[in-house]
Amino acid sequence: MSIEAGTLFVVAAPSGAGKSTLVNALLERERAISLSVSHTTRPPRPGEQYGRHYYFVERTEFEREIAEGVFLEHAEVHGNLYGTSRATVQELLAQGRDVLLEIDWQGAQQIRRSKPDCVGIFILPPSRAELERRLRGRGSDSVEVIERRLLNSRGEIAHASQFDYILVNDVFDDALADLQAIVRAVRLRSALQWQRHESLINELLAP
Ligand SMILES: Nc1nc2c(ncn2[C@@H]2O[C@H](COP(=O)(O)OP(=O)(O)O)[C@@H](O)[C@H]2O)c(=O)[nH]1
Ligand SMILES: Nc1ncnc2c1ncn2[C@@H]1O[C@H](COP(=O)(O)OP(=O)(O)O)[C@@H](O)[C@H]1O
């Protein structure tokens, strides 16, 4: 990672754990972080907007983009294809912006290989019953889609240990505080601070 480059945060969780809600609240508070909007073949949910929630594309177009190397990572999740635009992420990082990816464990593994300095954060629900309650309560998916997501949640959670941080989204404000604390602690890492505060450090070290 070059000196000016921003930090890449990778956030994963089983569907319904509250990942998007937490990330949106974090972005309200931490304006220096940009969310990478993914491409997907999943149909939009009511209220979802092209370019804001996802770039919704047909499977043939997505497959063409895979072949063209458009994606930094991509994966099939719950029967749909999802991918992160390489160009968008590289540009933002090069500008020194921090970038956050909301992706699944397969994508996180691919990112870890190409960007070993990324910071992985995994969000757990407080219980299976609560995960199911949240998925059904969201009211955005059919019964079949919810069942599939519940079934796949074990596969997602089985990879939690591969992330740098794990937090439990029980009481929302506590989980948000944890997420913000992680982001802030990462920003305060000495390698980054040494670059940012070089002139201060030199002044303090001056005889
Ligand atoms: N690998 C990968 N996974 C993604 C990407 N975008 C979203 N996902 C994951 O796909 C899964 C389903 O996302 P979505 O359809 O929005 O449903 P939700 O998680 O229930 O809100 C979640 O685990 C997302 O994190 C992406 O660009 N790449
Ligand atoms: N801490 C929490 N307590 C109760 N409900 C929550 C909490 N966090 C999120 N939710 C709700 O759970 C549902 C799923 O959240 P969402 O952010 O869509 O999950 P994900 O992005 O992980 O699939 C939403 O209706 C959301 O308002």
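Note that the numbers count up from 1, one per residue, in the order the chain is shown.
Glycine is treated like the rest: Cβ placed from N, Cα and C.
Keep in mind the model is a prediction, meaning the values are calculated, not measured.
Straight from TrEMBL, the features:
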| type | residues | note |
| --- | --- | --- |
| BINDING | Ala13, Pro14, Ser15, Gly16, Ala17, Gly18, Lys19, Ser20 | ATP binding site |
| DOMAIN | 6-184 | domain 'Guanylate kinase-like' |
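Sequence features, as recorded in TrEMBL, placed on the structure.
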residue: Ala13; record: ATP binding site; Cβ contacts under 8 Å, 6 or more apart: Lys19, Phe122, Ile123, Leu124, Pro125, Glu156, Asn169
residue: Pro14; record: ATP binding site; Cβ contacts under 8 Å, 6 or more apart: Pro125, Leu131, Arg149, Asn152, Ser153, Glu156, Ile157
residue: Ser15; record: ATP binding site; Cβ contacts under 8 Å, 6 or more apart: His78, Leu135, Arg149, Asn152, Ser153, Glu156
residue: Gly16; record: ATP binding site; Cβ contacts under 8 Å, 6 or more apart: Pro125, Leu131, Glu132, Arg134, Leu135, Arg138, Arg149, Leu150, Ser153
residue: Ala17; record: ATP binding site; Cβ contacts under 8 Å, 6 or more apart: Ile123, Leu124, Pro125, Leu131, Arg134, Asn169
residue: Gly18; record: ATP binding site; Cβ contacts under 8 Å, 6 or more apart: Ile123, Pro125, Arg134, Asn169, Phe172, Ala175
residue: Ser20; record: ATP binding site; Cβ contacts under 8 Å, 6 or more apart: Glu102
Which residues, in sequence order, are found in the same chain with Cβ within 8 Å of the centroid defined by the Cβ atoms of Ala13, Pro14, Ser15, Gly16, Ala17, Gly18, Lys19, Ser20 at the ATP site, excluding those residues themselves? Ile123, Pro125, Leu131, Arg134, Asn169
Going through the binding-site residues Ala13, Pro14, Ala17, Gly18 in sequence order, which have a CB under 6 Å from an atom of ligand 1? none
What count of other C-beta atoms do you get within 10 angstroms of the C-beta of Lys19 (ATP binding site), across all chains shown? 21
